[in-house]
Amino acid sequence: MLVRFSKMHGLGNDFMVIDAVAQRVRLNTDTVKRLADRHTGVGFDQLLLVEPPTRPDMDFRYRIYNADGSEVEHCGNGARCFARFVRERRLSVKNEIRVETAKGSALLTLLPDRQVEVNMGEPVLQPVEIPFAAEQEAAIYRLEIEGQCYEVSAVSMGNPHCVLLVNDVAQAPVKQLGRLIERHARFPQRVNVGFMQVMSRSQIQLRVFERGAGETQACGTGACAAVVAGRLRGLLDEQVDVHLTGGKLQISWEGKGSPVLMTGPATTVYEGQVYL
Ligand SMILES: N[C@H](CCC[C@H](N)C(=O)O)C(=O)O
């Protein structure tokens, strides 16, 4: 089956985006992994599916697959590209687009300066909802890895995140430690691992080892989770610039009971066709 797609990215976190409204698309794990290959496939961190909604109050259904073929609950950078894609493909003329995700919904707003704002909803902090094995909710948990104890935060933005504080992101053991934490037994659905360096109360640097994709140039849900973790630790103010390898995201969070807002770019690189 020949399928049209767009290759897009949000700060270098790259996506294959498929219109599954106008096209019949059936994916399985092997197909996603084959398409993700950067030598023999299209190559991407995640594959995003644009589907008709299953809920009457939503405009679209938003589905996300990691490069390893796993279907996951959310992708922040992908949400901005989703909004750009449906506008460019004339699947919607709205400036505010409501999308349903595996665990909730998100509101995508196309801004006049070509940036996109995403209302990511409230962070989830109850361990059982993240999911993370812990007696009770806390701002800081102690996690043992290969005999060494680390202080971490655990936050869900729909997808699970573990956030560590580091003195220098450039020197952080992102691959070694990221790989170990991603599959830690206390995260039964695996986890995205963020390494955060706090520069000031309104500026952080962040690198993320993503579940199912490895280190990416940027992670939108990771940026949200890092700001939530930093605020819960009393280290950050409401508005934070998150500096990632691929560029800057603006994140704001008033605190518990409020949604996290993320603003950043979305770029279309090319359009293509591929046999599934
Ligand atoms: N790897 C993530 C999904 C993609 C998240 C990231 N690309 C973003 O921008 O939020 C997970 O398994 O939960």
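Cβ atoms are placed via backbone N, Cα and C, with glycine included.
Those TrEMBL annotations? Automatic predictions, nothing curated.
Taken from TrEMBL as is:
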- C75: active site, proton donor (ACT_SITE)
- C75: active site (ACT_SITE)
- C219: active site, proton acceptor (ACT_SITE)
- N13, Q46, N66, G76, N77, N159, N192, E210, R211, G220, T221: substrate binding site (BINDING)
- Y270: site 'Important for dimerization' (SITE)
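The recorded positions close to C75 (active site, proton donor), defined as a CA atom within 10 A of its CA, are T221 out of N192, R211, T221, Y270.
Taking the Cα of Y270 (site 'Important for dimerization') as the reference point, the closest of the recorded positions N66, N77, R211, C219, T221 is N77. Highlighted here are the recorded positions (C75, N77, Y270) whose C-beta falls below 6 Å from ligand 1: C75, N77, in sequence order. Comparing C219 (active site, proton acceptor) with N66 (substrate binding site), their Cα atoms are 12 Å apart once rounded. N192 (substrate binding site) has a Cβ environment of 29 other Cβ atoms inside 10 Å. Those residues of the chain, other than N13, Q46, N66, G76, N77, N159, N192, E210, R211, G220, T221, with a C-beta within 8 angstroms of the mean position of the substrate site C-beta atoms are D45, I64, V72, H74, C75, G78, V208, A213, T216, C219, G222. With every protein chain in view, the residue among the binding-site residues N66, N77, T221 whose Cβ has the most Cβ partners within 10 Å turns out to be N77.
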